[in-house]
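Presented below is the structure to which this report refers.
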Amino acid sequence: MSACTSFLRVAGDKVNLSFSSNSWRTTSEEKRYDERMANEDPEKTYQSIRRAAEVHRQVRQHARRHIRPGMTMTEIANNIEDGTRALVEEDGLLSGVGFPTGLSLNNCAAHYTPNAGDTTVLQKGDVLKVDIGVHVKGRIADSAFTLTWEPTYNKLLEAVKAATDTGIRESGIDARLGEIAGAIQETMESYEVEVNGTVYPVKPIENLSGHSINPYQIHGGKSILLVKNDDQTKMEEGEYFAIETFGSTGRGRIVESGEVSHYARRMDAPHVPLRLTSAKTLLKSINKNFGTLPFCRRYLDRAGESKYLLALNHLVGQGIVQDYPPLCDQRGSMTAQFEHTILLRPTVKEVVTRGDDY
């Protein structure tokens with residue numbers, strides 16, 4: 001892909017907000033909003049997220065055309081990330097890849113990207129989740145889609161896309177997170193998938209969630225589960241959310257499984273003396289290249305780091321870096337994901353990553 005300096009020809013969907021009986025907000029919520037707005041010019045952050053989202057649309061358009069069975073996971077990841085870096089005009093911590101490209105296959109739903117030496121090849125029968133992040137000045141456009149090359153799992157993809165669209169529709173200023181989750185669950189569970197003569201209900205993955213997004217922090221603290229719950233927390237004006245849903249033909253519950261590839265420096269990392277010189281050196285590199293943005297082992301390789309696993313595991317053990325293992329449902333099941341980033345402006349819900357594709 002060639003570099004592009006004009007990113008703002010599309011700005012996603014805008015939906016006018018209607019205010020419900022939940023429209024009264026507590027003093028503490030108003031105070032938090034005032035504090036957020038005091039620290040940033042909204043119009044500038046809007047332009048940053050829109051630029052990131054436009055790059056996302058262009059990168060994924062290319063990816064959807066070119067990803068094919070027979071490619072390695074490393075080829076796919078490099079193509080997406082190199083395209084992102086070129087289009088967003090990567091500039092240190094000012095703009096670049098928002099997080100490692102997720103390429104989770106089949107029963108694995110999230111947090112897989114290839115490490116160096118991974119020779120996994122995409123197969124025709126695979127269900128591939130493609131989760132791409134782009135950031136401009138720390139504002140992360142987080143959006144994902146699922147690809148399949150056989151019609152067997154089309155209904156699974158349809159269910160998850162519909163559930164994500166439901167989550168977006170139900171979101172807005174003062175919407176309660178538990179109620180959004182209930183609507184997502186209801187939509188998802190209205191679908192079923194037939195595989196080799198056996199009918200499977202589509203289940204929302206109960207221990208995965210959408211999330212708020214803060215500057216340079218992909219998981220901002222608020223979570224939108226995919227099953228109904230009693231969370232009375234409200235969405236607030238000025239917030240960004242990744243509305244994402246995952247559906248499964250399996251148990252509808254994931255566990256950590258497989259080799260870790262995803263990491264991030266913790267926002268609340270303790271100040272602890274590091275006894276390993278290699279850990280101190282690696283932490284300096286992480287701070288310089290990623291800050292609190294998620295990264296993977298391939299990104300450390302690209303930054304010139306080598307023989308770093310002992311140091312990296314030490315940083316994890318000290319609570320300075322968080323590791324994120326792959327998240328998988330039972331073997332033999334299939335999972336799908338769709339996701340968009342939304343921005344809650346005072347009178348408009350802007351689906352910044354919306355495109356012609358999804």
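Even glycines carry a Cβ here, placed using N, Cα and C.
So that you can see what the record holds, here are the features copied from Swiss-Prot:
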| type | residues | note |
| --- | --- | --- |
| BINDING | H111, H219 | substrate binding site |
| BINDING | D131, D142, E339 | divalent metal cation 1 binding site |
| BINDING | D142, H211, E244, E339 | divalent metal cation 2 binding site |
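A Cβ within 8 Å of the Cβ centre of D131, D142, E339, the residues given for divalent metal cation 1, is found for these other residues of the same chain: G102, I132, G133, S143, A144, A242, E244, Q337, H340, T341. A gap of 9 Å separates the Cα atoms of E244 (divalent metal cation 2 binding site) and D142 (divalent metal cation 1 binding site). All protein chains included, H211 (divalent metal cation 2 binding site) registers 20 other Cβ atoms within 10 Å of its own Cβ. Residues D131, S143, A144, G210, I213, F241, A242, I243, H340, T341 surround the recorded divalent metal cation 2 site, their Cβ atoms falling within 8 Å of the Cβ centroid of D142, H211, E244, E339, which are themselves excluded.
Residue with the densest Cβ environment among the binding-site residues D131, D142, E244, E339: D142, by other Cβ atoms within 10 Å. Geometry remark: H219 (substrate binding site) versus D131 (divalent metal cation 1 binding site), CA distance 15 Å.
Annotation for H111 (substrate binding site): spatial neighbours G102, S104, S261, H262, Y324, P325, P326, L327, criterion Cβ-Cβ under 8 Å with sequence separation of six or more. Annotated pair E339 (divalent metal cation 1 binding site) and H211 (divalent metal cation 2 binding site), C-alpha to C-alpha distance, rounded: 11 Å. Annotated pair D131 (divalent metal cation 1 binding site) and H211 (divalent metal cation 2 binding site), C-alpha to C-alpha distance, rounded: 14 Å. H111 (substrate binding site) carries neither a helix nor a strand DSSP state and counts as coil.
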